[in-house]
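First up is the structure itself, then whatever we jot down about it.
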Amino acid sequence: QYDHYEPSKEEINVPLASSLKTKQDTPKDFWWWLKIALYTVGVLLGQSAALLLGRLYFLKGGNSKWMSSVVQVLGFPVLIPFYIFITMKEGQKGVAIDDEDDDDRKPPSPYTLGAIYASLGLIIGLNCFLYSVGLQNLPVSTYTLLCASQLAFNSFFSYFINGQKFTPFVVNSLVLLTISSVLLVFNKDDTSSSSTAPAISRVKYIIGFLCTLTSSALYGVVLSVTQFVFTRVVKRQTFKQVMEMIITENVVASVVTVVGLFASGEWRSIDREMDAYRLGTVPYLMVLIWIAVFWQMFSIGAVGLIFEVSSLFSNSISAVGLPIVPIMAVFFFNDKMNGIKGVSMALAVWGFVSYVYQYYVDGQKSDKKTLDEASS
């Protein structure tokens, strides 16, 4: 079983962009790399499949933004048996982050964690609704490219929350991702009709654009705060905490979205929507169920990467799926891949590569420092 790394007080204050530096000083065993690989697959597969199925829901007759929001978080019961197993296995074991004194080693009270998780759950619930509005009013390729701006927002909020250091490569990435998103505002092809999707009015396109951008900003906040909670509040790092955070946040977000579903009155049209769904009643239910399952797969992978590495690394892995969804959308939904989208995708991928290279530079510096200390 992997022994979690125990950083010193000085290392905790290292800028978040260099978070790999603090963890690369300790050799990683096979099981750690296996966990990172599994988390990465969870993020990429869960995100890609959930987005494509979410767009399929709207294209084939689904019209409830709140129902689309509910299924993004309502799949948390599938995690409960796994959480019970992890709890029985780990017990009360954990690794204190700050070992300065006994008070610092004490875990936070359940009320403190409950308040933090509930607050994040409220943001996630709102975020799900904004994402649904964006996914309903935008082609999935445009929607996915806009989601790349999460990296920029994550860096911005991490600067204030976690001491993010803006290196030239990070700044380059932020500029490229910003330009990539702005270019999509001028993409008029997205409002024209295709063989699989009706024409989108310019007003709905702008609404979808703004909602997706806002949700990306909120997600950047959630990731940055999650990193802060793991390093400064929880103080006992076990996978049990990861599961507790995911389940509690999803419970609160589920309450928010279910209340929205009933308060908006959209629940009254669910029966008619199911009967009129062009793929049939059973496929309608299966689409919603698998959306819920894949979003939970994404949540485990994303929070697991935050736990093992950092929020920026988790968001960067999410951005790896950037080219996957638009390309698949061209084949499945006949989304148009015109010049503007091509340039936007190229800039977004370039921005992501710039981020990854920064991690590589941090890793090289860390290895050199470790070798120098070993030889001295």
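Cβ coordinates come from backbone N, Cα and C, glycine included.
The shown structure was predicted, so the numbers you read here are calculated from the model rather than taken from an experiment.
For 30-54 (among others), the entry in TrEMBL reads transmembrane segment.
Within the chain carrying the transmembrane segment (66-86), a Cβ under 8 angstroms from the stretch's Cβ atoms is held by residues 50, 54, 57-58, 124-125, 128-129, 131-132, 135-136, 239-240, 243-244, 246-247, 250-251, 253-254, 257-258, 260-261, 264, 266-267, 270, 273, 288-289, 291-293, 295-296, 300, all 6 or more beyond its ends. Sequence annotations record features per position, and here TrEMBL assigns transmembrane segment to 66-86 (among others).
Under the heading transmembrane segment, TrEMBL lists 111-133 (among others).
Marked as transmembrane segment by TrEMBL: 140-160 (among others).
The transmembrane segment annotation in TrEMBL covers 166-186 (among others).
Residues or ranges marked as transmembrane segment in TrEMBL: 206-230 (among others).
Taking Cβ pairs closer than 8 Å, the transmembrane segment (242-263) reaches residues 64, 66-67, 69-70, 72-76, 79-80, 82-83, 86, 113-114, 117-118, 120-122, 124-126, 128-129, 226, 229, 296, 299-300, 303-304, 307 in its own chain, all 6 or more past its ends. Residues annotated as transmembrane segment in TrEMBL: 242-263 (among others).
For 284-307 (among others), the entry in TrEMBL reads transmembrane segment.
For 313-333 (among others), the entry in TrEMBL reads transmembrane segment.
According to TrEMBL, the feature transmembrane segment maps to 340-360 (among others).
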Determine whether the transmembrane segment (284-307) and the transmembrane segment (111-133) share at least three Cβ pairs under 8 Å, counting only pairs 6 or more apart in sequence. no
May I ask whether the transmembrane segment (30-54) has at least three C-beta pairs under 8 Å with the transmembrane segment (206-230), counting pairs 6 or more apart in sequence? no
